[in-house]
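A.B. asks: Pasting a structure below so you can have a look.
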Amino acid sequence: MLYQGETLQLHWLDNGIAELVFNAPGSVNKLDTRTVASLGEALAVLEKQTELKGLLLRSTKAAFIVGADITEFLSLFAAPAEKLQEWLNFANAIFNRLEDLPVPTISAINGYALGGGCECILATDFRVASPDARIGLPETKLGIMPGFGGSVRLPRLLGNDSALEIIAAGKDVSAKDALKVGLVDAVVAPEKLVEAALKMLQQAIEGKLDWRAYRQPKLEPLKLSPIEAAMSFTTAKGMVMQTAGKHYPAPMTAVKTIEAAARLGRDEALKLETASFVPLARSKEARALVGIFLNDQFVKGQAKKLAKGIEAPKQAAVLGAGIMGGGIAYQSALKGVPVVMKDISDKSLTLGMNEAAKLLNKQLERGKLDGMKMAQVLSTIQPTLDYAGIERAQVIVEAVVENPKIKAAVLSEVEGLIGENTVLASNTSTIPINHLAKSLKRPQNFCGMHFFNPVHRMPLVEIIRGEQTSDSTIAAVVAYASRMGKTPIVVNDCPGFFVNRVLFPYFAGFSMLLRDGADFRQIDKVMEKQFGWPMGPAYLLDVVGIDTAHHAQAVMAAGFPERMGKDYRDAIDVMFDNQRFGQKNQLGFYRYSQDNKGKPRKDNDEQTDVLLAEVSQPRQTISDEEIIARMMIPMINEVVRCLEENIIASPAEADMALVYGIGFPPFHGGAFRYLDTLGTANYVELAQRYAHLGALYQVPAGLRAKAEHNESYYPVAAPLSDVSTGQPA
């Protein structure tokens, strides 16, 4: 043994070849600060070995290196700029030493080699991969860019266009595609991976492969003529502007950095990479996107804990077909849980089966599944007009019309036909679970399971715990949602649960702006282009359905009359009374027609202004800043109330529910991350300017208390102090 660290070892093989093995405690290797420092120590030992002829890098885990340890990022990024730069210089010097070893080097890559793992293998001369390998640089998805030489080495290895595509999009590629673009030199069976790597290394040692010729391009400027460079970078910038936009600066920064470094050798190019990385890492976008990654891990971990030891159901049932029921049945069947789909209407069953078939056809067209798999999935959806087969289901999801009497009747009826341990769940969006539970003899077996539309696309499922819901019921439904490929978040019961409870104050802010003379088109534009929502409120209401929103608004007003009740007609009432229900009947705030691909096309409709004049003051000029404040304050206040009332358990779960349920802009990180970025004291000061608008604008007591000391909702990361180890203070 030449070197033994906590996460890697270095020892001799035969014939002067050394092997550096990544073998961290736990299930995966990460290129954390400890491992980077350890790599430097191992190289220091290796550099003294006069008999060294070659070096092999490999992993003992199912993945080579999954990337950096993202749990360290917030501490690293909280460091002063000069400390972070010092740490990057320290790390890059280590990878340069790996690349500059006076012998050939090779990486044997199995599973994932992402982020820092990819940058590590780029520093070796050769790369051999098993067929299951996936290699890439996902940093831009976290609001940063490669920091260990990825933006320098990848373009010089692959050529500019292929490298820009991977880096700007944060992509990873399969072993097969990596071979095509020159990211790996060979793809071999897993059992022959090390053998093949050693064979290639031996060829390099014997001079049959010119390892210096493989290494040299990575040390030199990019081989591009001025015209080629202009074309390549102009195209890349255009694509980034189109896909990432102004709210996600990392992809454009990466492209511009690669462009600026194109005429430089490795060491000077690395200085530019570091100079670009530091401000990105310290940006609010990076904090938000890293926060989302960490919150996603936390939420998935919570789901695993809740469902520990519980098997997902082997058979499920959906009561109520149509678009929603068909979507739930499709998702269940697609993920391997057969489902009975029951409805009282043959027409609805046909609609539900057609919805499932349509979604499967799209998968077929995209090459995600073949005809046999499609037929198999469809065959596991059993449509029925009676309750045939319902007794086999371990979880039954009621998805009938959003009417408490009808839902209660359906739930009561099915309860009499099923076993004592069968779990019942209601896919309701607003009706309190405690209210529906009154119709049941076994309320402990009942909870809410709120899917979002369209079911196949929206990741969130709200699991609603009623007062009498048992832990085993929650565990079973969480296990089912996870099996369906969804992200379940458990909330406590109240009207609207969490997501709709906080969404309707946002719509109320919209209605009040219209009442005060704002233009709904300007509001949509500001909330989409400036704040970053995928849809502005008017457009979102049209997509949700004005009739659906009108009904839900009434439920919310009854549940929270002091804040959500109103004594005036608003824009939603006007649209509803004029049967302008949105996309479903082609008329809402906007007029809709079909484009040449059959998708809804949104156009302005002058009649909307005529109708809204009934409930609006004459048109007023309202600033973008005021629109954002008046739209967001009611939502944020309600989100905070939900945390204070224990409707939602943590800021992390609240923020992920908002991002996954209603598309809260990821670069803000969710409501609590947004609050922390603004500063609680600044937020309270802002909200007080609009306190005269009513109860929705009154800041909750807990938030006021935090604001007195400008406390944050998320823990403040301890900044990095020791650049030789990368450890926090």
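Cβ coordinates are placed from backbone N, Cα and C, and glycine is handled just like the others.
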A.B. asks: So Swiss-Prot lists Met324, Val400, Val401, Glu402, Lys407, Ser429, Asn453 for NAD(+); which of Asp343, Asp346, Asp471 goes with them?
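C.D. replies: So the NAD(+) site in Swiss-Prot includes Met324, Val400, Val401, Glu402, Lys407, Ser429, Asn453 plus, from the candidates Asp343, Asp346, Asp471, Asp343.
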A.B. asks: According to Swiss-Prot, Asp296, Asn500 bind substrate; identify which of Tyr112, Tyr660, Tyr674, Tyr683 is listed for that same site.
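C.D. replies: The record-listed residue among the candidates is Tyr660.
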A.B. asks: State the three-class DSSP label for Met324 (NAD(+) binding site), counting H, G and I as helix, E and B as strand, and everything else as coil.
C.D. replies: helix
A.B. asks: List nothing but the largest Cα to Cα distance in Å, as a whole number, among the residues Met324, Asp343, Val400, Val401, Glu402, Lys407, Ser429, Asn453 that the record says bind NAD(+).
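C.D. replies: Binding-site diameter by Cα atoms for NAD(+): 20 Å.
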A.B. asks: Sort out for me which one of Asn453, Asn500 has the most neighbouring CB atoms within 10 A, since those are the binding-site residues we care about.
C.D. replies: Asn500
A.B. asks: Check the Cα-Cα distances from Glu402 (NAD(+) binding site) to the recorded positions Glu119, Glu139, Asp296, His450, Asn500 and tell me which is shortest.
C.D. replies: His450
A.B. asks: Where does Val400 (NAD(+) binding site) sit in DSSP terms: helix, strand, or coil?
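C.D. replies: Where Val400 (NAD(+) binding site) sits, the three-state DSSP reduction gives coil.
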A.B. asks: Over all pairs within Asp296, Asn500, Tyr660, the annotated substrate binders, what is the largest Cα to Cα distance, rounded to whole Å?
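C.D. replies: It comes out at 20 Å between the most distant Cα atoms.
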